[in-house]
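Below you'll find the structure, written out as structure tokens, and then a few comments.
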Amino acid sequence: MEKVSVFGAGSWGTAIAFVLSDNGHNCMLWTRKPDQCREINEQHTNEMYLPKIELPTNLHAVTDVREAVTHSDVLIIAVPTKGIREICGQLNRLINEPKLIVHVSKGIEPDSLKRISEMIEDEIDPEKRKAIVALSGPSHAEEVVLRHPTTITAASLDAEAAIKVQDLFMNNYFRVYTHDDLIGVEIGGALKNVIALAAGISDGLSYGDNAKAALITRGLAEITRLGMKMGANPLTFSGLTGLGDLIVTCTSIHSRNYKAGNLLGQGKTLDEVISGMGMVIEGIRTTKAAHQLAVRHGVSMPLTEALYTVLFEGETPKQAVDQLMGRTKKQEIEDIFYK
Ligand SMILES: NC(=O)c1ccc[n+]([C@@H]2O[C@H](COP(=O)([O-])OP(=O)(O)OC[C@H]3O[C@@H](n4cnc5c(N)ncnc54)[C@H](O)[C@@H]3O)[C@@H](O)[C@H]2O)c1
Ligand SMILES: O=P(O)(O)OC[C@H](O)CO
């Protein structure tokens, strides 16, 4: 059994720590909130993020980053993209010997246009990390903590590190595959949130199933197009971290991105949606980043562009849909691979 530390006790960090504790590992969960820390240790719950769930009693929470860093050789980062640099900066100051760094976050940083692993490389010195692994795939925390069957992918340029993470997490409800396409896995995980916002808007407008199937399929096409330009293997996007995560996020009642889109489709403003959610909606910032990436790489991403105009330029969802449907005619497959 291993010692593992998880940084971030929101929905996903808690669910990840839940799986590790179920597997018998000595898991320490770091949170910056003292009340939440006490609740996890004394009541074995995290009501704000995972209501009515009993957490394993061997899961121990702390608020001291140093304690969590020294506890373990495996550090798992589970904060939203916006907080990655801050927590990694803290880790970098406290790490004394090389650690395996795992991240479970799904986003791209606007302006720098860096993937999460690139942000980690910026913030944690090379001599302080053994390898970086991204754990990603169709996995809502709410279902993982019910021990419902879930499949996910551990991706790294270091094959041994990916296998190590696979071994840490695998059990009879959490099946982990390995992958070597870190770029494709991170791009798929981040950009599916953009399409999920659009799928939520579509349902909020009561457009129905044809429209949603179109969003998922053409969304995958534009994610693949961008991913290929960025050096990803196109096949990655047919896997768990591409199509798999796109399906779950565009169709699940648990998805915060889908829910946020749904409210926008019903006429709520972006500010109202953000303040009502209380949890991260990664797709909003990632839409900005994806718009910038499309420009940088000269890739056509009509759905991303349409969502960008709704979120940041005041266009109504209905106007954006009319604009999308009125574009010039084109071929389907050629469009994915050659333009
Ligand atoms: N919720 C899921 O089912 C799920 C599944 C897979 C991946 N993810 C990804 O995991 C990441 C985290 O999502 P989540 O669902 O846990 O979000 P959440 O909103 O439920 O919780 C985020 C947690 O991070 C903490 N936090 C925020 N900024 C921080 C900072 N700067 N320093 C330290 N802590 C900070 C918050 O206090 C909160 O406890 C996101 O990138 C998300 O896309 C989530
Ligand atoms: O709730 P969301 O929309 O942040 O999605 C959570 C996970 O990424 C689903 O795999």
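The backbone N, Cα and C atoms fix where each Cβ goes, glycine too.
What TrEMBL records for this protein:
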type	residues	note
DOMAIN	3-161	domain 'Glycerol-3-phosphate dehydrogenase NAD-dependent N-terminal'
BINDING	Ser11, Trp12, Arg32, Lys33, Tyr49, Lys106, Ala141, Arg256, Val280, Glu282	NADPH binding site
BINDING	Lys106, Gly137, Ser139, Lys192, Asp245, Ser255, Arg256, Asn257	sn-glycerol 3-phosphate binding site
DOMAIN	181-321	domain 'Glycerol-3-phosphate dehydrogenase NAD-dependent C-terminal'
ACT_SITE	Lys192	active site, proton acceptor
Euclidean distance between Cα atoms of Val280 (NADPH binding site) and Lys106 (sn-glycerol 3-phosphate binding site), Å: 11
The domain 'Glycerol-3-phosphate dehydrogenase NAD-dependent C-terminal' (181-321) - residue tally per DSSP class, helix then strand then coil: 111 helix, 0 strand, 30 coil
Binding-site residues whose CB lies under 6 angstroms from ligand 1, from Ser11, Tyr49, Lys106, Ala141, Lys192, Asn257: Ser11, Tyr49, Lys106, Ala141
Candidate with sparsest Cβ neighbourhood (10 Å radius) among Arg32, Lys106, Lys192, Arg256, the listed binding-site residues: Arg32
For the domain 'Glycerol-3-phosphate dehydrogenase NAD-dependent N-terminal' (3-161), mean pLDDT (0 to 100): 98
Site extent for sn-glycerol 3-phosphate, whole Å (max Cα pair distance, Lys106, Gly137, Ser139, Lys192, Asp245, Ser255, Arg256, Asn257): 16
Taking residues Ser11, Trp12, Arg32, Lys33, Tyr49, Lys106, Ala141, Arg256, Val280, Glu282, which bind NADPH in the record, the widest Cα spacing (Å, whole number): 22
From binding-site residues Ser11, Tyr49, Ala141, Val280, the one whose Cα lies nearest Asp245 (sn-glycerol 3-phosphate binding site): Ala141
Annotated binding-site residues Ser139, Lys192, Ser255, Arg256, Asn257, filtered by Cβ under 6 Å to ligand 2: Ser139, Ser255, Arg256, Asn257
Residue among the binding-site residues Ser11, Asn257 whose Cβ has the most other Cβ atoms within 10 Å: Asn257
